[in-house]
């Protein structure tokens, strides 16, 4: 039995001699009991702990549902009927290209700057400053609310047509009921939103497959669906606009199909790894959406007549194999797109309120639950969406959404352009007019380390060593004071000796006189980060004074050599000729080596910003002017109520100054840059002694001292006359 007891002890206690692989006898039973389901009354329906998502279950799904929206199901046939197949594919590609440039610009901003959880607002605010970021953020929230109203209205129109109810108030009633239901899901938490989106995404895929299969399995000539025909495709290839329509009006109606590309940025606070999840998920969603759009345009142009494409908005339902599945996809896309807007807009509004960009909205910054669900912001955005529901027409709301989002995308594109130009200005080799100049900063040594040569002024360390030779320190007093301190610590308060001027100079300049000249550059390093040294000095003095019963306000000088050692440069600082700089609040970083970072180009972003502004005015110049006017008013208001907002990471880059400099360069040859020699705040003043006579027998009898004599004014004048 004596041999069995140790083994039994091992099995019961789970370990012996540090072994961690041995389990308890009843480990399996305990594990099974932990995995058993709880009673139904203890199940938590709502989210009580933070939930984070990844690339495919979070970003890709949300972007696809928002991009693959009601515009695709209701307006693709109308687009083909006006622009034709060829120009329709060009228009779809152009819409996706504008969205792609904006996504790449957003990825570039996230790569270069640290972005918070505010999505579009955080990107613009970090780069262009709080005033511009707050202005664009408010306009983006407004656009999301209008887009949500448009999606709900499209859903209500389809339901009313299905029920043969053409009353406008029926459409509005259905829209309000749906909006209230979506607000309830949003309040339940982000976990339920993502779960519902996964189900909706699956149903969307089924409805799309139903449309593709139905295009070659049956015909419906009475409703314009005549099947594949080469002649029909030739007739539908080129544009033939209805009266009052043009390429840009069609673009304005169809562009909201791509407004969901920024959803991934808006949910950055709920992602596991935003720096990886957002780029991969957004780019994958854009590529998939472009392919499906092109398939829809080509199929509708090859199987349907132009007249029905123009005037029958539900032509895609006639093509589908099972019309109910297509309607299900339409309903789901409408609800999902609206839910995406109701998810992103309140969180951006919450971020703006938390940063107190607009002090009047600070009460909206509160959140409920572990994911900080913005309850108050959800209600505000819901009311704003409800107000636009009463307009009740998709073709009226679509241009408003387009122009608002074009302004937002232009701001994102310009943000990446400006932050890249600012980064290049900071790292330009021709800065200060010299190709190899080094910029002095408060965290770099004011005295650059060079070897001592003939004619040099020396260093502060050498100057202090000369002071040692002039004022001999009394080395015999230190042991006595130390011993007296050890004998009676209480008397140290009253018998504290005052240090000579030489030692105070040593403490001020952090010089170590115990190191020999063989240390070279290490002994000459002067750390000039005064803020850190002062904080260290005060902490060291207060700590020592508390330990020894001394009032810290009684003296500002260090009490012993240990205090001087605290101020000495660290080994990391002495090992290099330059001191590592502090990371500023808005540090612009270099692009990573990822594959998507290679496609981020600031010139393309700049062209995208200009193109977005031009498209705004071409689509509807009145709406464009109204948006710009509201943006200017918001900018001035935010600057007035909160003038102390951050200037942004690209504050040193001025667009107008860059334009003026470019104009001067084009008009005439650039003038040679002026070079300014700026002396540092602490000059490298020092003294150096040199022995002019050699050590040999010829001069052995000569005294080792210098002679001096007084010369009167008359003798001085006579000597040089």
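Glycine residues also receive a Cβ, built from the backbone N, Cα and C atoms like all the rest.
Annotation comment: Swiss-Prot describes 53-73 (among others) as transmembrane segment.
The transmembrane segment feature in Swiss-Prot is assigned to 84-104 (among others). Counting only same-chain residues 6+ beyond the ends of the transmembrane segment (84-104), those with a CB under 8 A from a CB of the stretch are 233, 236-240, 247, 250-251, 254-255, 257-259, 261-262, 282-283, 286, 289-290, 293-294, 297-298, 301-302, 406, 409, 412-413, 416, 596, 599-601, 604-605, 608, 611-612, 615.
What Swiss-Prot lists as transmembrane segment is 115-135 (among others), and the listing cites sequence analysis. Sequence-distant contacts of the transmembrane segment (115-135) (same chain, at least 6 residues past either end, Cβ-Cβ under 8 Å): 106, 109, 262, 265-269, 274, 344, 347-348, 351-352, 355, 357-358, 408, 411-412, 414-416, 418-419, 586, 631, 634-635, 638-639, 642, 645-651.
What Swiss-Prot lists as transmembrane segment is 136-156 (among others), and the listing cites sequence analysis. Cβ atoms under 8 Å from those of the transmembrane segment (136-156) belong to residues 69-70, 74, 118, 120-121, 124-125, 170-172, 174-175, 178-179, 256, 259, 330-331, 333-335, 337-338, 341-342, 344-345, 348-349, 351-352, 357-358, 381, 384-389, 391-394, 397-398, 400-401, 404-405, 407-408, 411, 627, 630-631, 634 of the same chain, restricted to positions at least 6 beyond its ends.
Feature annotation from Swiss-Prot assigns transmembrane segment to 174-194 (among others); the stated evidence is sequence analysis.
Look at Swiss-Prot and you will find 196-216 (among others) tagged as transmembrane segment.
What Swiss-Prot records for 247-267 (among others) is transmembrane segment, and it gives sequence analysis as the kind of evidence.
Annotated transmembrane segment per Swiss-Prot: 283-303 (among others), in sequence order, evidence recorded as sequence analysis.
For the transmembrane segment (321-341), the residues of the chain that approach it from at least six positions outside its boundaries are 62, 65-66, 68-70, 72-74, 144-145, 147-148, 151-152, 154-155, 158-159, 162, 178-179, 182, 185-186, 193, 196-197, 200-201, 203-204, 206-208, 210-211, 213-214, 217-218, 260, 263, 381, 385, judged by C-beta separation under 8 angstroms. The transmembrane segment annotation in Swiss-Prot covers 321-341 (among others).
What Swiss-Prot lists as transmembrane segment is 374-394 (among others), and the listing cites sequence analysis.
Sequence-distant contacts of the transmembrane segment (397-417) (same chain, six or more residues past either end, CB-CB distance under 8 Å): 71, 98-99, 101-102, 104-106, 108-109, 112, 120, 123-124, 127-128, 132, 136, 139-140, 142-143, 146-147, 149-150, 153, 251-253, 255-256, 259, 262, 388, 391, 600, 602-603, 605-606, 608-610, 612-613, 615-616, 619-620, 623-624, 627-628, 631, 650. The transmembrane segment annotation in Swiss-Prot covers 397-417 (among others) and is backed by sequence analysis.
Swiss-Prot lists 473-505 (among others) with the feature region 'Disordered'.
Taken from Swiss-Prot, the feature region 'Disordered' applies to 533-580 (among others).
Here Swiss-Prot flags 553-565 as compositional bias 'Acidic residues'.
Feature annotation from Swiss-Prot assigns transmembrane segment to 628-648 (among others); the stated evidence is sequence analysis. For the transmembrane segment (628-648), same-chain residues at least 6 beyond its ends with a Cβ under 8 Å from one of its own Cβ atoms are 125-136, 138-139, 356-360, 407, 585-586.
Cβ atoms under 8 Å from those of the transmembrane segment (196-216) belong to residues 57, 61-62, 64-65, 68, 185, 227-228, 292, 295-296, 299, 303, 316, 319-322, 325-326, 328-330, 332-333, 335-336, 339 of the same chain, restricted to positions at least 6 beyond its ends. Same-chain residues lying 6+ beyond the ends of the transmembrane segment (247-267) with a Cβ under 8 Å from its Cβ atoms: 53, 58-59, 62-63, 65-67, 69, 71-72, 75, 78-79, 82-83, 87, 91-92, 94-96, 98-100, 102-103, 106, 110, 119-120, 123, 143, 147, 150, 190, 239, 241, 277-278, 281-282, 285-286, 289, 293, 337, 340, 343-344, 347-348, 395, 398-399, 401-403, 405-406, 408, 412, 615, 618-620.
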